[in-house]
Amino acid sequence: MLEYKNEIKRRRTFAIISHPDAGKTTLTEKLLLFGGAINLAGSVKGRKTEKHAVSDWMEIEKKRGISVTSSVMQFNYKDYCINILDTPGHQDFSEDTYRTLMAADSAVMVIDASKGVENQTIKLFKVCVMRNIPIFTFINKLDREAKDTFELLDEIESVLGIRTCPINWPIGSGKNFKGIYNRNSKRITRFYAANNGQKALESVEVELGDAQVDTLIGKDNHDILSEEIELLDGASSDFDLDLVLNGELTPVFFGSALTNFGVETFLKNFLSMTTSPLPRESSEGKIDPINNEFSAFVFKIQANMNKAHRDRIAFIRLCSGKFTAGMEVNHVQGNKKIRLAQPQQLMAQERKIVEEAYAGDIIGVFDPGIFSIGDTLCMPDQKFTYAGIPTFSPEHFAKVRQVDTMKRKQFLKGISQIAQEGAIQIFQEYNTGMEEIIVGVVGVLQFDVLKYRLEYEYGVEVLLDMLPYEYIRWVENKNIDVNTLSVSSDTKKVKDLKGNPLLLFVHRWSIQTALDRNKDLKLSEFGR
Ligand code: GDP
């Protein structure tokens with residue numbers, strides 16, 4: 001164990017969440033630069049057209065400029081080995097974000113200083129809270145006009161319901177952005193705009209209260225800063241690492257990712273505050289990452305990541321011990337010993353074969369169609385399971401029709417594979433066979449992804465007819481004849497892939513109607 005204890009201790013695995021355009025990609029790029037993982041900033045993202053080049057792979061993402069799938073990036077910084085999990089910025093993919101967060105030990109929330117808490121931040125943040133992990137806030141774009149700093153903090157506290165503790169404090173913003181005051185060291189790092197219009201980092205450190213500060217940031221700014229800090233010291237929550245680790249308090253950092261200002265300070269503080277992989281709950285109690293041999297769980301499945309390969313990759317998060325290429329493991333849910341073939345690590349759009357990995361790391365393994373999301377892998381002589389990953393209830397439904405009915409086989413293959421990835425859920429009406437399939441999604445953009453992927457990956461063109469249903473309930477009662485249930489006329493009776501009956505409702509009140517009309521009927525929001 002000792003030989004890899006240090007490897008696990010130095011791991012930091014986190015996800016970055018943000019409303020689109022808040023600066024997640026730019027921040028990721030700057031973090032990678034510190035680790036020397038890429039040489040040129042432009043190789044992550046250059047011109048607008050090449051946006052999201054590193055973390056995204058699907059055409060649809062490029063077209064829409066949103067990040068649909070999550071990818072993983074690993075780099076070393078000082079003594080740390082960092083795994084960054086990218087998440088989709090759009091709320092329609094919050095289920096994907098949730099799964100990614102299952103694989104993360106903490107989250108970084110990027111907020112645009114001029115916009116504050118935006119609607120998609122709220123939805124993604126809620127997902128973070130469900131996971132109970134530490135959340136760190138990076139308030140970005142201080143080089144642009146920003147909202148009042150206290151207002152920003154208030155917004156985080158009142159809208160997101162988490163207490164804030166600013167670790168540093170901005171001095172002005174936009175044209176008047178002078179730098180950042182570090183509350184701990186009580187020192188100022190000055191921000192300078194370079195002459196050619198491009199802003200560059202140049203920092204000078206002096207102590208607040210010093211006469212030099214007047215020269216450095218101007219007397220007015222010095223006065224305002226002193227006042228703000230006094231107010232802040234009296235009003236803000238004290239830093240308390242336990243509260244941070246419980247997800248009750250978020251340390252807040254200010255900066256500008258684009259100009260690389262405040263990013264390294266953020267990274268250093270963040271790394272010292274967040275933890276290495278912690279023990280995880282399993283069916284046999286907590287599994288300690290260091291004192292146990294290899295174990296992992298599947299948090300994401302993705303088919304056709306690479307057109308040339310047409311393969312299916314299961315992403316696994318290592319929870320304990322060490323992984324070595326070719327090792328035999330027990331796939332607990334499949335009750336089968338398997339050898340993990342071609343373990344891969346995804347770095348940007350390249351893949352490389354990994355020889356070793358440790359608790360905290362994420363690797364992709366070839367999936368011959370045996371894995372489901374949430375499955376556990378452990379040593380051949382063990383068979384514990386990690387808690388499963390719940391699925392979100394779909395909120396939008398559509399009927400899917402093929403344009404060319406000759407391509408039935410490809411259609412069924414495509415739609416069931418995409419359903420296995422967990423991106424969509426599919427249902428069938430009673431008495432219609434597989435001719436008509438109803439698809440349920442959490443966010444409407446997933447319909448676009450489905451349509452696109454069926455066409456480009458499986459060569460099947462489909463039409464989607466939107467359905468008015470918004471609520472889904474599985475019928476819990478065993479051996480019930482669904483046809484005998486009395487429901488409102490706008491309620492639809494369908495079954496899932498396993499044949500479990502369920503009801504789709506247009507209005508919330510129709511759920512009550514069904515319960516009122518059918519004595520003993522038991523409904524559940526989640527499938528079995
Ligand atoms: P994402 O959608 O959250 O990944 O956001 P991006 O990183 O793609 O950034 C969105 C836009 O904001 C891009 O045009 C960036 O160049 C710009 N941007 C990011 N960070 C900053 C910043 O600190 N200051 C300014 N002025 N612009 C920024």
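Each Cβ is built from the backbone N, Cα and C atoms, and glycine gets one as well.
Keep in mind that this is a model prediction, so the values were computed, not measured.
Annotated in TrEMBL:
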- 9-278: domain 'Tr-type G' (DOMAIN)
- 18-25, 86-90, 140-143: GTP binding site (BINDING)
Q | Collapsed DSSP category at THR87 (GTP binding site) | A | coil
Q) Including all protein chains displayed, how many Cβ atoms other than that of LEU142 (GTP binding site) lie within 10 Å of its Cβ? A) 27
Q) By the DSSP assignment reduced to helix, strand and coil, which category contains LYS24 (GTP binding site)? A) helix
(Q) What's the number of neighbouring CB atoms sitting within 10 A of the CB on ASP21 (GTP binding site)? (A) 16
Q.
Taking only the residues in the domain 'Tr-type G' (9-278), give me the average pLDDT of this model.
A. 82
Q.
Cβ neighbours within 10 Å, counted over all protein chains: which one of the binding-site residues SER18, THR87 has the most?
A. THR87
Q. According to DSSP, which kind of secondary structure is SER18 (GTP binding site) found in, if we only use helix, strand and coil?
A. strand
Q: Give the three-state DSSP assignment (helix, strand or coil) for LEU142 (GTP binding site).
A: coil
Q | C-beta crowding around LYS24 (GTP binding site), within 10 angstroms | A | 26
